[in-house]
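*Asks:* According to TrEMBL, the protein carries these features:
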TRANSMEM  A:12-35  transmembrane segment
TRANSMEM  A:55-74  transmembrane segment
TRANSMEM  A:111-133  transmembrane segment
TRANSMEM  A:145-166  transmembrane segment
TRANSMEM  A:178-202  transmembrane segment
TRANSMEM  A:214-232  transmembrane segment
Amino acid sequence: MRQALWLVKKELKYHYLSLMLTLVFIIFLALLAFPILEGTVLRLFGTEHVVYNRIMIDALFVLLLPCFGAIFMSKPYLSFGTIKEDPYSKRMALFRAMPIPVHVLALSRTFIMVITLLLNITVFYIIITLMLSDVFFQYLAPIEYVLFLLFWFCYALLFGGFNPFIENGTNGKVLHLFPYLFIAIFGVLLFVIYYATGIGLVDWSLLAIREYGFIAPVCAVIIAGTGCYYWNRLLTNRLRTRDYM
Amino acid sequence: MNVVRVEGLTKHFKKFHLGPLNFKVEKGTAVGLVGSNGSGKSTFFRLLMNLVHADGGTVEIFGKKMPSSEIEIKQSIGFAANMLEPFYQLSIKEISSHFSYWYPSWNQNKYEDLINRYKLDEGEKFGKCSTGMKKKVDFIFSLSHEPELLLLDEPTAGVDLGSQKKMKEDLIEFLEDGEKSLIMSTHLIDDLKQICDNIIILSPNGKVQDFLRKEEVEENWAKFWVSELTEELRCHPHVIKVNDSQHPSYLLTDQKHVVEKELREKGISVISIQRLPLDEIIEFQLDS
């Protein structure tokens, strides 16, 4: 644990600038998200007629939140050169050449993901919360709002937990192709859900929290925690068995 | 005692098969790995370091099995194989903090001495260093934790002549006490002549073509210019090449004393004998 944290500290220090740029982009996303979230709640629980786009709110929460676990405003994500150069694999090859236990390496990648996610999502949530109007909280109680945020944090942790595997267990090509695959799978899933139920996933999460209170976020915490544990195990196995050419 | 023991090691790729490799490296010896580009030298090092996983065979280092004692083994190996590029944004000093943390036997004084000896600026970002400087940094990190075994992938390639000389001196000093061992790949004959005791020649198809003991090779390989070449000589197991297109004809042998005796017994007069320099022997082996 101590060794993994030492690595995390070093890595985050070296990626400080990319992390800051990522946060700037997150602030931009939060400014985009808050009016849509407000519209969602007013339409679901209020009586006013609200112009509302459920695709936008689902796109923001379902597709973008898992990305918060990655420092995505960094060269490997922004440059197509990554496909050829595969910088994450080269970095991992260097670490594997040193006497660092594989489980320490995997744990450090998971910690980096969790810390990045916590940082990004905290900024995202703070901006949204500060920008939401009082009217919003007339329709959604503060405790429901906190549970809603916790639910989506768990969602981000569950799917963002896969990021360390994509970064360090695959190659540059997969790193760039995976987001498109993720968008395609969830795009189809969202379409099916809209078609079948007439509501989006964010709508559904709000309704579930109103209906079941703590149960939905508690389930989410358990699923996300378990998911994170298994992603870490998967990454450990992958780092141990892959070839670093 | 064997420091490295490789048995039946194989690795298959789509277009290339390495091995099966079988050999031992004795404690206190230096082994040069020679082969054409793409013959698998770098892959061989990565197999030893468990960065590439073998399809078959075993690797034992310091009498311990890889990968079950991986961390313990790696702590005692100095490995330089141009892998520091991911640290391009770090200064040499910042990179050293990684090495000093992960290698318990890190010797800060030795590291600083080497940095001064090779006239490197610790504050320089690795990405801004020239190819030769990067090689020197790699070399310094491989030596600074007092390893028992050095694995060096073309350590002197692209390095200026003055630093090449220093590197050779450092390697000779490293091997001096007879307790430490070295495996290095190189294309430079001087490296082999001055540093290595044994030479492994990898064929282009990834097999060990020959394992040469330098002293024996220099003693046994020779070119004989002779008055005549009999059919018996042409088929002799220790005559590895004949040339009768010019006069006088010559033959090449890897057992000088055996062939010399036979020539004398058969009454064939020897016009001249020339011991073969190491570079010609290796060139011959690589060509064949």
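Using the three backbone atoms N, Cα and C, a Cβ is placed for every residue, glycine included.
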*Asks:* Which sequence positions outside the transmembrane segment (A:178-202), separated from its termini by at least 6 residues, show Cβ-Cβ distances below 8 Å to it?
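*Replies:* Same-chain contacts beyond the ends: 37, 40, 54-55, 57-58, 61-63, 66-67, 159, 166, 170.
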*Asks:* Within the same chain, where does the transmembrane segment (A:111-133) have neighbours whose Cβ lies under 8 angstroms from its own Cβ atoms, ignoring anything closer than 6 residues to its ends? I mean 6 or more beyond.
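*Replies:* Here the qualifying positions are 4-5, 8, 11-12, 19, 22-23, 26-27, 29-31, 33-34, 37-38, 65, 68-71, 145, 149, 153, 156-157, 160-161, 163-164, 228.
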*Asks:* Against which stretches of its own chain does the transmembrane segment (A:145-166) lie, if we need a Cβ under 8 Å and a gap of at least six residues from its ends?
*Replies:* 61-62, 65-70, 106, 109-110, 112-114, 117, 121, 125, 129, 137, 174-175, 178, 182, 205-206, 208-209, 213-214, 216-217, 220-221, 223-225, 227-228, 231-232, 234-235, 238
*Asks:* In the same chain, which residue numbers or ranges, 6 or more beyond the ends of the transmembrane segment (A:55-74), come under 8 angstroms Cβ to Cβ?
*Replies:* 15, 18-19, 21-22, 24-26, 29, 32-33, 36-37, 39-40, 113-114, 116-117, 120-121, 124, 152, 155-163, 167, 179, 182-183, 186, 190, 200-202
